[in-house]
Amino acid sequence: MKLYEFEAKEIAKNNGIPVPRGGIAKTPEEARIVAEKIGGEVVLKAQVLVGRRGLAGGVLFASNSLEAEKVARELFSKRVRGEKVELILVEEKICIDKEYYLSLTIDRSNREIVYLVSPLGGVEIEELVKKYPDKLLRIRVDPVIGYKPYMSRLAAKFLGLPKELWPSMHKIMNSMYNIMKNYDADLVEFNPLVKTCSNEIVAVDAKITIDDNSLYRHIEFAEKYGRELSEMEAIAKKLGFSYVELDGDIGIMCNGAGLTMATMDMVAYYGGRPANFLDIGGGASRERVREAAKLLLKHDKVKVLLVNIFGGITRCNEVARGIIEAVEETGVKKPIVIRLLGTNEEIGRRLLEEKGYSVFSEADDAVKKAVEIAKNLSR
């Protein structure tokens, strides 16, 4: 279960980790009041459970309380990567000298707990691992022994911190381990952790993920279980679809988890970016196809819809009728690329071609076409 940034920072603060002064606002007026208490320049951060919110306009600045109210009104009126903004964290603007990356996580592939340390703060961990492996330090933690002070010394040296800040690093890393242990967290991340202009270490951003299986031990969070679903994921769950939201622009609808994952891999292979995982299941009815297609057609991020169906117990003619009805009911005119193969394929193909859709028999051809359309629409 993902915690909101303000919740993660509250835990960090209670464990002695320095965080910026701030407060939560549910309205623009509350944002102004919080900004007045802080005084001076502030940063307003949309509390959403998606990544890269800064790039999506979810982090804005204000020079005074009146401007903070205006900026908050703007934030509350928008969606950040598909999520409606209902809470804003208003914080003092920190004068940053240097940014770092610091996390404590469970490396499941190697079955170990590790600190990940990098001088490249603000960079996603996936990008660090892939592009800058020499800028990433791994410090293994034996769960029997736990955190030891030498770990913070290794981290401080790697980051090039002045020696007067080594005690701060020790306190932060020790607290991170205690948070993981006490909250059953599988991720405690500060990105960035910064050295301020006044030579202090502060966690400017914080992320904590709690193991779902331990929620019975954390009543304060258990009540909110499931809230990490995006709006689209919540709708899909109510409709009974297997759906996961991603960051791409090619909507994907298939029957069967294996075919869906294979289609996503093909999209990535040909240079596209999947917007989602959506498995309509075997034997899907016209109504089920219609609701799934409507979900993706109405998704703001989806530029083109790719449908890949292998008809066994799923009948291609039912799929075709569902797609046609979805377009008619939503009135959304987005490119749709369709691959049909199997039961009642000829009927389904005829229905779709009568409506002007091109239907492919080979998945490769359909995927290439969808990627081409998405790229052209991005130019």
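Heads up, the Cβ atoms here are built off N, Cα and C, so glycines get one too.
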Recorded substrate site member, picked from ASN255, ASN276, ASN344, that accompanies GLY312, ILE313, THR314 in Swiss-Prot: ASN255
Same ATP site per Swiss-Prot - residue from LYS45, LYS131, LYS135 joining GLU91, ILE94, GLU99: LYS45
Structural state of LYS45 (ATP binding site), classified by DSSP into three states: strand
Cβ-Cβ neighbours of GLU91 (ATP binding site) (radius 10 Å): 22
Average model confidence [pLDDT] within the domain 'ATP-grasp' (9-235): 91
Residues near LYS45 (ATP binding site) in space but at least six apart in sequence (CB under 8 A): GLU5, ARG53, GLY58, VAL59, ILE88, LEU89, VAL90, GLU91
Alpha-carbon spacing, GLU99 (ATP binding site) to ILE313 (substrate binding site), which is rounded to whole Å: 55
Chain-internal residues near ASP205 (Mg(2+) binding site), provided their CB is under 8 angstroms and they sit 6+ positions away: GLU5, PHE190, ASN191, PRO192
